[in-house]
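J.: TrEMBL feature annotations, pasted as is:
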- HIS89, HIS91, GLU96, HIS136: Mn(2+) binding site (BINDING)
- HIS91, GLU96: oxalate binding site (BINDING)
- CYS12-CYS27: disulfide bond (DISULFID)
- 41-188: domain 'Cupin type-1' (DOMAIN)
Amino acid sequence: MISYFLLPQDFCVADLSLSDTPSGYPCKKPSTVTVDDFVFSGLGVAGNTSNLIKAAVNLAFVAQFPGFNGLGLSMGRLDLAVDGVIPLHTHPEGSEVILVIEGTISAGFISASTNVVYFKTLNKGDIMVFPQGLLHFQINSGKIPALAFVSLSSANPGIQVTGSALFANDLPTEVVAKVTFLDVAEVKKLKGILGGTN
């Protein structure tokens, strides 16, 4: 007998042993899926903020949490020491929502069509959305460490940090200076800080 009804696929846990594709990872065989594929404990521990930006980001993208595959979701934890900053960056494949749990975070994004900056100081319980692909940032503007959780509208939203894209690369210093309108000495300094080559 031929069934005229197809059961929907409930989920597609990522098979991380296979290559990622534009539509996500291939699915694990259902017989190998366990409850652990739907549980992630990596956001419960504070990150190390003893670094240049005084911040840490713990991600739960599909590469860390295969259960997100195909669901259009991911999450992250932001720990910001006093004066900590999540530098100007973008997620080309997803919008982001931030929820402040502790402390005070000043956050903003820049409209691509008008260059208007939407900037606000957020307190415990506040949320803010950053539309897909737009440059945005977060700064701890309070007097205590800040904690926030973010959710993104893609299992693999991507991330490009503007400073790293410009200065942590092997593009010749003279070219970077030309396209950024910075002088060569400043570009060399930034490449030295961010690990680029001159």
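Note that Cβ sites are derived from N, Cα and C of the backbone, with glycine treated the same way.
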J.: Can you grab the distance from HIS91 (Mn(2+) binding site) over to CYS12 (disulfide bond)? Cα atoms, rounded to a whole Å.
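T.: About 23 Å separate the Cα atoms of these two residues.
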J.: To the nearest whole angstrom, what is the C-alpha distance linking HIS89 (Mn(2+) binding site) and CYS12 (disulfide bond)?
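T.: Computed Cα spacing between HIS89 (Mn(2+) binding site) and CYS12 (disulfide bond) is 29 Å.
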J.: Please report how many Å separate the Cα atom of CYS27 (disulfide bond) from that of HIS136 (Mn(2+) binding site), as a whole number.
T.: 33
J.: Near GLU96 (Mn(2+) binding site), which residues of its chain come within a Cβ-Cβ distance under 8 Å, counting only those 6 or more away in sequence?
T.: VAL129, PHE130, HIS136, VAL150, SER151, LEU152, SER153, PRO157
J.: Quick one: which residues besides HIS89, HIS91, GLU96, HIS136 have a Cβ within 8 Å of the Mn(2+) site's Cβ centroid, in sequence order?
T.: THR90, PHE109, PHE130, LEU134, LEU135, PRO157, ILE159
J.: For the disulfide-bonded residues CYS12, CYS27, which one has its C-beta crowded by the most other C-beta atoms within 10 angstroms?
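T.: Max Cβ neighbours within 10 Å, all protein chains included: CYS12.
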J.: Run through the Cβ atoms and count how many others sit within 10 Å of the one on HIS91 (Mn(2+) binding site).
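T.: If we count other Cβ atoms within 10 Å of HIS91 (Mn(2+) binding site), we arrive at 23.
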